[in-house]
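These notes are about the structure you will find just below.
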């Protein structure tokens, strides 16, 4: 997951906890004071609210997240929940004894019953909310895909016509001994075939996505191969077809590097690395940064956009990726890891349906 967004989420969760806890304490004090004029036992009931909220917050914001991520087992979750409820209940029990003036088994029984209800209700609420969120994310992803396909249909030129034209240009270039031009046309044709046909799939073999990445870097490198102050390096694994990835997740980072990292008059560099270790893709882009000018259309135009990539990562690989992006005035660095699938999502879904 994106490291910066993770820190931001932790801060938001902490602020939410403090705000809600102070609100609960404030309301409890108000109702406690009002209830004292009616009946002392009724007033004591309102003191259960902060105690209950602390149990809820510990479970909802921490323990259940650890359980879902399989960092603790169900047995450990139950034991920690019970132990934490006891520890939270001790100061509450002392406070009630000071107000009530004596120890009461009823207070202990009601407290234990109240804690059990809160833990069970929080457990059910958490997983119900999680299931609803998965449904919403799936619908959002499906809607985004449908909208993208509709836009493609609106703007798509007959691909066979384009390929026929490019094949003709390729043949002319060979006849005129323009090997570099012929090679460029062939690479461009392969990239267009990928964009038109394979890009519309949910997942493709990692080898195909990395192949497209190599073709893109090769074409971009043509305009700088005779510029001595520009260095473009790549170390991209020749991956097998056993791993699958959502298409076009990696290319925006490389596009961004070429848009902002190349200057024909200043020292520039781009380094792209891609490797797979134990089913996990490790991808990095390291490049120089140069301020763009208003006349540099290639830098100022926006492509897919890095924000869009983050959203796709959240939807496609929740809790299965880490994204780090760092920048200063001279250089930009991106590091991405993704736990990949050995079979496409569509096959996983069909197997689940068969089991059901």
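Each Cβ is built from the backbone N, Cα and C atoms, and glycine gets one as well.
Unlike curated records, TrEMBL annotations are generated automatically.
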Under TrEMBL, the annotation transmembrane segment belongs to which of these stretches: 75-95, 138-158?
75-95
For the transmembrane segment (107-126), give me same-chain residues lying six or more residues beyond its boundaries with a C-beta closer than 8 angstroms to one of its C-beta atoms, as numbers and ranges.
44, 48, 51-52, 55-56, 59-60, 64, 81, 85, 89, 92-93, 96, 100
